[in-house]
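Please read the structure below before turning to the comments.
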Amino acid sequence: AFTAVDFFNQINMLYGTITDFCTEESCPVMSAGPKYEYHWADGTNIKKPIKCSAPKYIDYLMTWVQDQLDDETLFPSKIGVPFPKNFMSVAKTILKRLFRVYAHIYHQHFDPVIQLQEEAHLNTSFKHFIFFVQEFNLIDRRELAPLQELIEKLTSKDR
């Protein structure tokens, strides 16, 4: 739970630095390169996945994650209060969706990341994220496909 909150905060901060580059005009579709497009559905307010711009998708996503994190029945903050039976399922969904923000940043906004001299921060955050989700098998390998080459580079033993 703590690590999911930490990744949410890191990704929120990293994405916040490039929002001027991620606009309705520059990113009319939420994508991670030409092969991967994401449509938004939260299962509650938006049941059928909708095609939307990257900034809109990421806004929906971050709001949804914040709502999950603020829900005391899902993320109890009091000592001794147990986590719900569906906690792992919710945590996996949160992490899968947060991965999509990393994928979008790497595919669509890496030049601004370099211009802002944030490459090391992004890579360190993403590497920690990948080691965590792989260690505990939290994201299906197919979901990681948009950044598979980078994942292999960052996690290889040579580095």
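Using the three backbone atoms N, Cα and C, a Cβ is placed for every residue, glycine included.
Because TrEMBL annotations are produced automatically, they should be read as predictions rather than curated entries.
Look at TrEMBL and you will find Cys22, Cys27, His104, His109 tagged as Zn(2+) binding site.
The Cβ of His109 (Zn(2+) binding site) has 23 other Cβ atoms within 10 Å, all protein chains considered. Report note: the Zn(2+) site is defined by Cys22, Cys27, His104, His109, and the residues of the same chain whose CB lies within 8 Å of the CB centroid of those residues, excluding them, are Ile18, Phe21, Ser26, Ala54, Pro55, Ile58, Ile105, Gln108. Over all protein chains present, the Cβ of Cys27 (Zn(2+) binding site) has 19 other Cβ atoms lying within 10 Å.
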